[in-house]
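Peer 1: Pasting a structure below so you can have a look.
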Amino acid sequence: MLNSGEGGQMIFEPAVLKVSVGDTIHFKASDMSHNSASIDGMLPDGAESWSGQMNMDISVTLDTEGVYVYQCDPHVMMAMIGVIQVGEAVNMSEIKTASNSLKSSFVMNAERIDTYLNQL
């Protein structure tokens, strides 16, 4: 969770992950005023959501196969998001549909979600 990094401003690094079912992801609060939270409607069916506290590290174990999109709550309008593929991308069509609504809320970096999803 960074104010700036290789991928630009307001960014998670790495922003795109491919992991196995049951893997645990550790979100590190490197810079202040950030968190990691799953986005409603952008998780696989049956997946457990999460919402980390501001300025706090959080670890999330992902037990459901599919694509997860997550955000920094105060900076989502700046497209501070990330994408995790767990196993196969079984819900990709639903994620792409939902991403259009999310993208319309961005005030900058509108291409970021498409760039990330195209890496899967």
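One is the number of the first residue shown, and numbering goes on along the chain from there.
Any Cβ shown, glycine's included, is placed from N, Cα and C.
I grabbed these lines from TrEMBL:
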- 2-86: domain 'Blue (type 1) copper' (DOMAIN)
- His34, Cys72, His75, Met80: Cu cation binding site (BINDING)
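Locate each feature and note its surroundings.
Peer 2: Met80 (Cu cation binding site): 28 other CB atoms within 10 A of its CB, across all protein chains.
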Peer 1: Indicate the candidate from His34, His75 with the smallest number of other Cβ atoms within 10 Å of its Cβ, considering only these binding-site residues.
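Peer 2: Taking His34, His75 as the binding-site residues, the minimal 10 Å Cβ count falls on His75.
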Peer 1: Measure the Cβ-based neighbour count of Cys72 (Cu cation binding site), defined as the other Cβ atoms within 10 Å of its Cβ.
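Peer 2: There are 24 such Cβ atoms around Cys72 (Cu cation binding site).
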Peer 1: Residues near the Cu cation site, His34, Cys72, His75, Met80 excluded, by Cβ within 8 Å of the Cβ center?
Peer 2: Met1, Met10, Phe12, Ser33, Asn35, Gln71, Asp73, Pro74, Val76, Met78
